Each structure stands twice: as C-alpha cells, then as structure tokens.
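Visitor: I am attaching a structure below and will ask some questions about it afterwards.
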Amino acid sequence: MLKESILKKVEKTIEDYQLLEKDDRVLIGFSGGKDSVCLLYILYLLKEKYNLSLIAFHLNHLIRGKEAYQDEVFCKEFCQKLNIPLIIKRRNVKKYAQKNKLSLEEAGHKLRYYYYKKIAQKENCQKIALAHTASDNVETILLALIWGKGLKRISGILPKNNNIIRPLIDLTTEEVLNFLKENNLTYREDSSNKDLKIPRNYLRNVVIPYLRKLNPKIEKTFRQITNLLANENEYLEEATKKILNSVIKKKKSEILINKEKFKNLPLAIKRRVVKAILPHLNFSQIERIVKLPEKPIGKKINLENKLIVYNEYQNLRIFSSNKKIDKIFKIKLNKINYFPEINLKLTCQVIDIEKIKEFNYNNCEYFDKNDIHLPLFIRFRKEGDFIPIKNGKKKLKKLFIDMKIPKKIRDQLPLFCDQKGILWILGVYRAYRGFIKKKTKKVLKVKILKWQNPIYQN
C-alpha cells in the first residue's frame, strides 16, 4: 500500500512538472545512498510505463578509502540485479578541491555535474535524474539564508532545471526510508554524514529536528516557498533579459553599463543586471557596484581575478587590469585633463620661466618647451618601447627589470609622451631629455592632480 502511494506521489511530481517523456534515455546519478537507491528503483518500476532507457552513473570520490570502494561494489551489484548499465568514474576530489581552492562539498558537486553533462551527451540521454528530496530542499534553503545568497539560491531546489530532473523532490526522508523498508532495499551510509563540523550535516542532524517540532510539515512548507520564489525569480529573470542589451554594451575587452539607464531601473533589476555580467559575485560585491554610480567620478572597485569597475561620466566600465590598454589619451595644454578610464587627472601648463619661483617636484615634472614636440598624449607600454637615459637609451623592459618594477603592473603605468617618444613614466622615471637649461624661456609644467600609482597598490 505504501509502495503504491509513494509511487503515485512521484508519478504526480513527474506529471506536474513534465519531468519525463515517452522513450526518454535517462542518466541516473547513483551514489548508493538511500535517496539514489530509491530513485533508481522507482524509475526502474516506471520503466515500462514511459518506455525508458536507464543508465546509472557513480563517481568514486577516493576520499573514504575502503568504504568508497565498498560503495562502488554495492552500486555494481545493485545495477546488475536490475539489469541497468552502470558507468563508474574515479576522481581524487580532495586534490581537486585543494588545486581549485574549493571545499570538499563544492569540489564533489562540480565534478559530479561535469560528468553528468559529459556522459549524458556521450550516451545521448535526454534527461539527468538526481535524487534530491524535499528534505534536501529544506537544508539548501537554510544554508542559502545563513550564507546570505541571492533569491535564486534561496528559492531552493527546482524539480526541473533544463535537462536535470528531480522526481523525488516532493518526498521526505521519512517517506524514502519507509519505501526502502517496504521493498527490502538496502543502501550505503556515508560515515562523513555524521560529521557535525560540516554545515549541512549540522542542519540535518541538529537544527532541522528542532524546526520539525515547531512545524511537523516543514518539508511541505519549504516546497511551497520554493514554488513561490521560483515564480518570482522567473519573472525577474525574464524582465532582466528584456532590458539587458539596452543597458550594457559589450566590447572586445570590457563591458559598459549605461549609468542613466541603470539608475532608472528598479533595485531588484539593477542587482540582476550586475549578476548577469559578473555571475561569480557575492551579495555585498553586487551592492557596492549598484551604488557606484552615486559615488564620485573616478571611483573604482577592485574585484578578484584583477577585475576593475570604474565610475565614469556616462558609464560604469568593467575590465580586467591584466589586459593592456591600447587607447591613446590626448592632452590639452593649459587645461585640466581627466581620463576616467585610467583614473588620471593632470595639467600641462606652458609657463614663462621668470614666473616660476621654485621647482616643486612633488607629483610634478618640468620640461623645456622648445624640446617638446606636440601633440602630447598618454599611452601605455608596447613592444620595443625605449626611453632616453644619460648615456643613450634603454628598452623599457630592461629599465623595469633594473628598477625591480613588478611584471604584473608594468602595463598599468601611464607613459607621458610627445611625438618624439616617452618623456615620463608616471611615478617611476623621467626621460633624459627636455631638461631646463640656462637659455630656457618657456617651461612645460606637468602636474598630476589625481592618480593611484599601481606600485603602491600591489
């Protein structure tokens, strides 16, 4: 009786969310644990009804030594009894986690999904069936709330996400265990699930039992939350897609966000625009970018992976500081020159030498105007660049090596130039030409008003 009621409940989930179609080839994630045994057996029972072709996949994480290999053997024997093909892969999840700076849970998740996708394509499977339950959904939502994740994560586990399906998503752990007991099905227990240092285990074994005392139907309540938030999330996603291309402009090495259009968007859509461009950001990083248009022009936000977000007059400009800047910035004489793309403000004044009472070299350089070949401009390093020195000239590359300038910032140092070449590597080195002489009548005074020297930022 219980077997039939559970089966009907799963069938209803399949029908409600259109998880399966006739003649589907289905790849089943099979760990050998209680949930995956339940999923595999239920799909086996529904095989004829939907004319399904089933393939199981097991990933040995190589973490629990002998226990992990016993899981592998169990999965082989279980699938043989049901005549279901099984694909086994072995990966050292611990090494992968260390190499990619991930937690063991994150690393395992990433590798499993990598193989799901790869094997599904190779085996021509239309669906990938995973054994997440309503109880897993409670854990996922609570973790998302604890870690301050966005609406998408707080929405919980969806029954269907592209070709990934979760037929057990309306079953509780209690229902799964009862189903296994009635059908005399054994399963493997992961000893690491008892480790309360792992946040998900602490929630499962300590927190949720207390919550269940307050609300015995907690899984049902959280499934309702998932459905509600999933609908809200879907609406906001569609709204964001419709306006995204009108707000952002993608270039070869940067993305521009139109500030005027961005400012007029609802806050929820602003956050999603930023998330669409930079999906790896956390909530606090997104909030900083959302508020950036209200900050002073030239304000920037440094993100991981050398990404920078600059506040310009018309746009927020997102680019990687690892990329070379090819643009030339033309300089006007006797005016304030501001280049928000590189957060540099300077003046170039032509002054009669008699009017200069003293030479102040704090963020300043002075040149004999007669030795300067207009126009003046700022650019960045390119292959083969050299600069005049006392006894000839030296390649910039060699100069930077001699001065021990870090390699990672050499392409970020602005070069003050005239038609003849480099006059000044800002904040680093002045070219050996254009010096003030006794016969100098007019002086070109170059003063940096605003600039953050990358040498002192790294």
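In case you wondered, yes, glycine gets a Cβ from its N, Cα and C as well.
Automatic, uncurated: that is what TrEMBL annotation is.
Annotated ATP binding site per TrEMBL: Ser31, Gly32, Gly33, Lys34, Asp35, Ser36, in sequence order. According to TrEMBL, the feature domain 'Lysidine-tRNA(Ile) synthetase C-terminal' maps to 376-446.
What's the neighbourhood like for these features in this structure?
Guide: Secondary structure at Gly32 (ATP binding site), as computed by DSSP, is coil. The Cβ of Gly32 (ATP binding site) lies under 8 Å from the Cβ of His58, Asp71, Phe74, Cys75, Phe78, Tyr187, Arg188, each of these being in the same chain and 6 or more residues away along the sequence.
DSSP places the residues of the domain 'Lysidine-tRNA(Ile) synthetase C-terminal' (376-446) in helix, strand and coil in these numbers: 13 helix, 28 strand, 30 coil.
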Visitor: As a test of the contact definition, list every same-chain residue at least 6 positions from Asp35 (ATP binding site) whose Cβ is closer than 8 Å to its Cβ.
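Guide: In sequence order, the residues whose Cβ lies under 8 Å from that of Asp35 (ATP binding site) (at least 6 apart) are Ala131, His132, Thr133, Asp136, Leu168, Thr173, Val176.
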Visitor: Write out, in the order they occur in the sequence, the residues of the chain not among Ser31, Gly32, Gly33, Lys34, Asp35, Ser36 that have a C-beta within 8 Å of the mean position of the C-beta atoms of the recorded ATP site.
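Guide: Near the ATP site, beyond Ser31, Gly32, Gly33, Lys34, Asp35, Ser36, sit Phe30, Val37, Cys38, Leu39, Ala131, Tyr187, Arg188.
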